[in-house]
Amino acid sequence: MSAPAPAEPSLGRHGMADLSGAGPWRLVAAGLRATPVLREGLVVTAVLALLAGTGRVIAPLTVQRAIDAGLTPGAVRPAVAVGSVALVVAGVSSLLLNQRLASRVERALAELRRAGLRRVHDMAATTADRVPSADLVTRLTSDVDQVTTFLQGGGLQSVTNVAQLLVAAVIMIAYSWELSLPVLALAALLVAAMVSVQRVIARRFDRARRDLSAMQSAVAESVIGAPVIRATGTDERTRARLDEAVDRARDSLLRTLPPLHVNTSLGELAISTTTVAVLVGGVWWAGGPGTPRLTAGELVAMVFLVTFFVRPLQFLVQSLGEAQNALTGWRRALELVTTPSAEVRDGTPLPPGPVGVRMEHVSARYGDGPLVLREVNVQIEPGEHVAVVGRTGSGKSTFAKLLTRRIEPAEGTITLSGVPLGQIADASLPGRVVIVPQDPFLFEGTLGANIALGSPGATDADVLAVLAELGLADWFGTLPEGLDTPVGLRGDRLSVGERQLVALARTALVGPDLVVLDEATSGVDAATDVAVQRALGSLTRGRTTVSIAHRMITAATADRVLVFAAGRIVQSGHHSTLLVQEGPYAGLAAAWDQRVPADPPNRRKR
């Protein structure tokens, strides 16, 4: 009979998995499921840990035998030989164990990072939009680093210490269960105290990690937005907000210290109390009336064994804070990894050829909010260029997100070439359906590398051919370094219009069957705008295109215009037809006519 599948994690307010209510064992189990490399060879790991722990505990037995034999050479030599062999075995086992665990920990955490990065790319777009980017980066970097730091330090030692603790407890009970009871009772009290303190530590470290993530988000935002902050004169307000985030993170970390200090005190108290109890009880037991129940050698061995029992326990107590901090980082990384994927793996392939779009009674909302799109019915023929216009908040962007499956419809159906959009396999969409955002993202590197990004194997000749096809040869000729022109971080060495040209060339090289274009609203100079319009004309010719239009020229060159208002399509037709009708489109056209000229170009930084 197969084991039941693990329950799906509950989801938090951002749509990510929420494991905040999970206990340590559930988190460990979830982590082992997410990183199979840690599960491999557990028996070998356990045997090595047992040998390492047992070898250390053999030393008190050697001392006991030597003392009880009167320290005679005939008794001491064999005992010393056995003890020496045991210590060598313990050392070798400990070395092999540490190497084995260190290797597997690094492999497992690398696997966890890769899984988290894959999930960032295939999680629901609505979830990705609601979670701050800095929080996702923190979960993949510093949170995993926190786990690495603990596992490569205290975590490795804990494995051997637990084995040593268990072996010492068994031998103590074999010597004298009566003397062992106080030691075990004190250990039980210590564990109970640990559990209580752990709850406090867990809450405080969880809060600390959240505040640290918020601080990193604030720092990242202030660094990326530095030009805007200077331009708007909001330096003081930004610094005040940043100082507040830093202070919250500092205070959260400071609140974790008192329970950690309590842990340290508990460990010291346990070791001194148990040692005194064994010495006093042992002396009475060995020297009391009647037949001694303990020999002198056994009493000395018991004192050693108590140390070998309590010291690992003390170490575990003292490392509890680090363990809890690591567990919090582990939980945050696992929340990312276990967030449900929106990927459609076994869906229906998108049929080859031009793509047609059909929406029937489609409504949409974000999360649990109100409907932002209502009862949309539209059919876009293969090869048709449709411009979508409307005032801010009318539903244009939501319409585009529905077409590219960035959100799911709340009601109704969407089909591409007759196939329900939600059933199309993800593998069918790349290269067939492409969105060109208003401000395209460029990776740091060269112009040629960014144009060829979506076309692995494309040569420089292919890139030059597509630039010529789009009529961009003149613009390309102004670049002194040609395809080797560096674009800078996020393309900041190019103007907004030039980034649009790169995105259009990238799209044309891919050769999609459906293009969803959100055109830039500003920052495009006249010359670049002419190049953009020329490239758009070439790109959209004979290709199904949906343009979120912010200018009349885009709407005028489309085959059809859809006018949105309050989440509905209120007009549909050709630009010239709608222009002579009394309706929302005529008002938009009048507003476009009165619009000031495009902003001056954001010139390239040489």
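Every residue, even glycine, has its Cβ placed from backbone N, Cα and C.
As given in TrEMBL:
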- 43-325: domain 'ABC transmembrane type-1' (DOMAIN)
- 357-591: domain 'ABC transporter' (DOMAIN)
- 41-59: transmembrane segment (TRANSMEM)
- 79-97: transmembrane segment (TRANSMEM)
- 159-177: transmembrane segment (TRANSMEM)
- 183-202: transmembrane segment (TRANSMEM)
- 269-287: transmembrane segment (TRANSMEM)
### Query
When the pLDDT values for the domain 'ABC transporter' (357-591) are averaged, what is the result?
86
### Query
Same chain, outside the transmembrane segment (79-97) by at least 6, Cβ under 8 Å from its Cβ: which residues?
45, 48-49, 51-56, 58-59, 61-62, 65-66, 69, 156, 159-160
### Message
Please report, as numbers and ranges, the same-chain residues at least 6 past the borders of the transmembrane segment (159-177) whose CB is under 8 Å from any CB of it.
### Response
45, 49-50, 52-54, 56-57, 60-61, 94, 97, 101, 183-184, 282, 285, 293-294, 298, 301-302, 305-306, 308-309, 311-313, 315-316
